[in-house]
Amino acid sequence: MWAGYWLCSSFFFSSWGDRMWNFAIGLYLVKLTPGLLQLTAIYGAVVTSSVILFAPIIGNWIDRKNRLVVIRTLLLLQNGLIICSAVFISLILFKVTTNNNILSFLKAFVIIFGAAANLASQGEQISITRDWVVVICHKDKDSLAKLNAHMRRIDLSVAILAPIAVGSLMSLISDLSGIALICGWNILSMFSEYIQLHHIYKTVPELAEKHINEYEILGETESDHKVKSTGLGIFDRIKLSFIGWKVYKSQSIYLAGIALAVLYLTVLGFSSITVGYAYSQSMKEVYVSIFFGTGALFGILGTIVFPFLRNKVGLVKTGVIGLGYQCSMLILCVISIWAPGSPSSLRHIDKYVTKLNTTFTNTVSYNNSSTIQPPVAINHSYVSILLLMLGVVLSRSGLWISDLTITQLQQENVEEEFRGAVGGVQSSLNSVLDLMQYILTIVLFRPEDFGILILISFSAVFTSFLLYLTFSIKTSLGSKS
């Protein structure tokens with residue numbers, strides 16, 4: 001099982017880079033538009049829209065290409081594009097120009113390069129977690145559960161350290177130091193990951209063997225396809241994208257996958273929106289990163305509990321327990337809306353309506369301002385933000401128990417030639433719901449509106465629980481018949 005150790009080591013480098021970047025980009029975008037969450041929401045909307053459009057195509061490309069070629073291409077793109085995006089952020093923060101048009105172009109480049117880097121990262125995750133892991137474990141369910149839990153534990157452990165590292169540098173030294181750390185790490189990570197994955201590829205001969213049947217997927221015979229030029233054309237790629245959704249729907253575990261996707265319609269996690277909101281409530285970067293890390297600790301607890309729950313009650317029922325626990329902990333976030341220190345308009349709905357015109361005028365003047373200002377404290381009480389963070393932190397155990405459950409359900413039940421396609425569609429579905437939260441944040445972008453987002457998010461998580469419960473009942477009835 002040495003290949004599993006090498007895979008975990010490679011995953012550590014990849015996860016550290018992703019966690020640093022995802023944490024830092026939320027803070028940097030708020031610094032570019034202080035007091036508002038709009039640029040953060042726009043970035044999230046572009047990132048998720050690109051995944052919706054291109055993830056199924058990337059998934060099909062992964063299914064049809066040599067595993068090592070896939071990894072080499074995605075590593076180069078992901079790390080190179082993050083470095084480019086970080087450089088553009090530094091140019092804006094250090095005011096190399098005061099021309100508003102140039103600044104707008106630089107912000108656009110930050111968003112575009114960041115979205116492209118995320119696509120490459122999504123492709124790498126699909127390839128490693130949906131395909132390489134299954135091959136390395138030789139489809140052994142116990143080994144698969146353990147390796148999944150180990151990798152998730154690494155990811156969440158890194159989530160403790162990476163945000164604290166980059167957040168501390170930004171808070172105690174300078175923003176430039178954070179950018180330097182991100183760029184340096186991505187250069188190191190690119191070479192380290194490839195060397196380790198190349199070693200695994202040579203160690204596990206099965207990775208070089210891949211069943212590829214693109215003709216069957218396209219609804220053609222091989223002889224029909226030979227009359228075409230070598231490789232798939234644009235029409236075939238579009239066709240593959242649509243057929244990927246059909247393949248996904250035909251899977252026995254598709255309802256569980258939908259339940260997982262619905263979990264993405266939430267701001268009750270440590271996304272860039274939540275980080276930005278906490279910062280807007282005068283919470284220092286270092287404290288935000290500490291909550292970020294504590295949430296990861298509870299996530300790690302979930303990965304430790306997962307294998308025991310799976311052995312005790314079975315894989316399907318483990319997901320029910322995880323989602324149920326997550327819902328119960330998020331009630332604290334709902335309570336935070338009406339707690340002292342909450343800026344939510346729901347606390348003073350009558351005043352909110354009477355002051356709507358004044359608020360709109362102030363919002364317009366904020367949007368027209370290009371001066372970088374620090375966030376302004378809304379209220380001296382921290383009860384509300386602490387309740388919000390506590391609810392999010394405690395819910396992480398349930399989230400990762402359910403995530404590991406659904407991931408393994410897909411690994412066990414999806415055939416090899418469709419792993420990339422199903423993984424790509426799952427990423428696309430996740431992003432559809434993720435996009436909805438960013439659209440909502442673009443509309444409800446003021447901190448005073450965050451309470452509405454909390455209620456929507458809690459409703460989404462509860463809906464996910466009901467969907468998975470339905471899948472669990474159907475599975476139970478099917479096994480008895």
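Along the chain as shown, the residues are counted starting at 1.
Note: Cβ is positioned from N, Cα and C throughout, glycine not excepted.
Whatever TrEMBL says is automated annotation, not expert-curated.
Owing to the predicted nature of the structure, the values given are computational and were not obtained by experimental measurement.
Quick look at what TrEMBL lists:
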type	residues	note
TRANSMEM	41-62	transmembrane segment
TRANSMEM	74-96	transmembrane segment
TRANSMEM	102-120	transmembrane segment
TRANSMEM	154-173	transmembrane segment
TRANSMEM	253-280	transmembrane segment
TRANSMEM	286-308	transmembrane segment
TRANSMEM	320-339	transmembrane segment
TRANSMEM	382-401	transmembrane segment
TRANSMEM	450-471	transmembrane segment
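Among the recorded stretches 74-96, 253-280, 382-401, the one sharing the largest number of Cβ pairs closer than 8 Å with the transmembrane segment (286-308) is 382-401. Under 8 Å from some Cβ of the transmembrane segment (154-173) lie the Cβ atoms of residues 8, 11-12, 15-16, 19-20, 23-24, 27, 181-182, 270, 284-286, 288-290, 292-297, 299-300, 303, 396, 400, all in the same chain and six or more residues away from its ends. The transmembrane segment (450-471) makes no contact with the transmembrane segment (74-96): fewer than 3 of their CB pairs lie within 8 A, with pairs spaced 6 or more apart in sequence. Away from its own ends, the transmembrane segment (320-339) comes close to residues 259, 268, 302, 306, 309, 313, 346-347, 383-385, 387-388, 390-392, 394-395, 397-403, 405, 451, 454-455, 457-458, 461-462, 464-465, 468-469, 472 of its chain (Cβ-Cβ under 8 Å, at least six residues beyond either end).
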